[in-house]
Amino acid sequence: MKTAKGKDKVKTTKEALKPVDDRKVGKRKAPAEKPTKRETRKEKKAKKDPNKPKRAPSAFFVFLEDFRVTFKKENPNVKAVSAVGKAGGQKWKSMSQAEKAPYEEKAAKRKAEYEKQMDAYNKNLEEGSDESEKSRSEINDEDEASGEEELLEKEAAGDDEEEEEEEDDDDDDDEEED
């Protein structure tokens, strides 16, 4: 089929042969609702476990710990972290293997400690998964029940001990104010 050239020419394309209702002239699709990049990052990023052991530093970072102290003594006016890092990197590159050896030994010891801590941490996670079979509400109910029993036992033992403790606490407060 022929295509139209110019404004006044008749269109003989497939679009021209379709009825007007079927044409997508002037119609736009609504933009798809996609989550923003920030939202997807937040969803993908897993929450960090505060009980997980911190990863062992490399030999360079062990060196950098010592280097920071000496660099700050020699250059008290330089406060930029990047300057300390750059100077430390240059010094590390210029050091021989013999000079790096003590830092590599410290890093190896820390790595061994980290691996032991991770083994213990992973064992605790495995043991913790057994407890997850119970619902958390049942666990909380058991804790609350045992706490109530302890309170009842204390009250039965006598209120004299609690009163003495409160008096001792009041005396401590008076000393802090002076």
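Any Cβ shown, glycine's included, is placed from N, Cα and C.
Annotated features in Swiss-Prot:
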{"type": "COMPBIAS", "residues": "1-52", "note": "compositional bias 'Basic and acidic residues'"}
{"type": "REGION", "residues": "1-59", "note": "region 'Disordered'"}
{"type": "DNA_BIND", "residues": "53-122", "note": "DNA-binding region"}
{"type": "REGION", "residues": "75-178", "note": "region 'Disordered'"}
{"type": "COMPBIAS", "residues": "101-118", "note": "compositional bias 'Basic and acidic residues'"}
{"type": "MOD_RES", "residues": "SER137", "note": "phosphoserine"}
{"type": "COMPBIAS", "residues": "140-178", "note": "compositional bias 'Acidic residues'"}
{"type": "MOD_RES", "residues": "SER146", "note": "phosphoserine"}
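On the 0 to 100 pLDDT scale, the model's mean across the DNA-binding region (53-122) is 95. Residues of the same chain lying 6 or more positions beyond the ends of the compositional bias 'Basic and acidic residues' (101-118) and with a Cβ under 8 Å from any Cβ of it are 53-63, 66. Here the DNA-binding region (53-122) has, by DSSP, the following mix of helix, strand and coil residues: 56 helix, 0 strand, 14 coil.
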